[in-house]
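Data first, discussion second: the structure below is written as structure tokens.
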């Protein structure tokens, strides 16, 4: 197993030095879901929620969150994102909203944290907009499913997609 990179020889937290890394095209894909009561899902699908377009607002929230990741995660590098796509879909069994985010950059460090942050905030936005009608919503399954670029090459979670 590799060692933790965010600690120095004294065991103190530090931001990893990426200055000597090559600038490469990097991609990360993350996903997660929020389960809910069937009536809540019907409200989202119908577009009649009194707060507005739940999925549209969650999509924008995810994009905005990806751009703020380094402000939220203390040792995360601020990076220049070149593309962020937030895909939201619904399912009947179990009643849920699935979120899949693709984030891209050309840089010296990966873009996984931005993709993961976008998923979390998009799902939190669904929760926030629907909590008045459903306190039983549960978020889960947030994970990285693809990473490419950089010296570690391409990694894919088996069975994802």
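Quick reminder: no glycine exception, Cβ is built from N, Cα and C everywhere.
The C-beta environment of residue 77 (substrate binding site), restricted to residues of the same chain at least 6 apart in sequence and closer than 8 Å, consists of 15, 16, 18, 70, 109. Sequence annotations record features per position, and here Swiss-Prot assigns substrate binding site to 75, 76, 77, 113, 114.
Residues annotated as active site in Swiss-Prot: 128. In this structure, residue 128 (active site) is part of a helix by DSSP. Its own atom aside, the Cβ of residue 128 (active site) has 15 Cβ atoms within 10 angstroms in the protein chains shown.
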Original post:
Cα of residue 128 (active site) to Cα of residue 113 (substrate binding site): how many Å, rounded?
Top reply: 22
Original post:
Hey, which of the binding-site residues 75, 76, 113 is the loneliest by Cβ count within 10 Å?
Top reply: 75
Original post:
Relative to the mean position of the Cβ atoms of 75, 76, 77, 113, 114, the recorded substrate site, which additional same-chain residues have Cβ within 8 Å?
Top reply: 69, 70, 73, 78, 79, 109
Subject >> Structural state of residue 76 (substrate binding site), classified by DSSP into three states >> reply: coil
Original post:
If you draw a 10 Å sphere on the Cβ of residue 114 (substrate binding site), how many other Cβ atoms land inside?
Top reply: 26
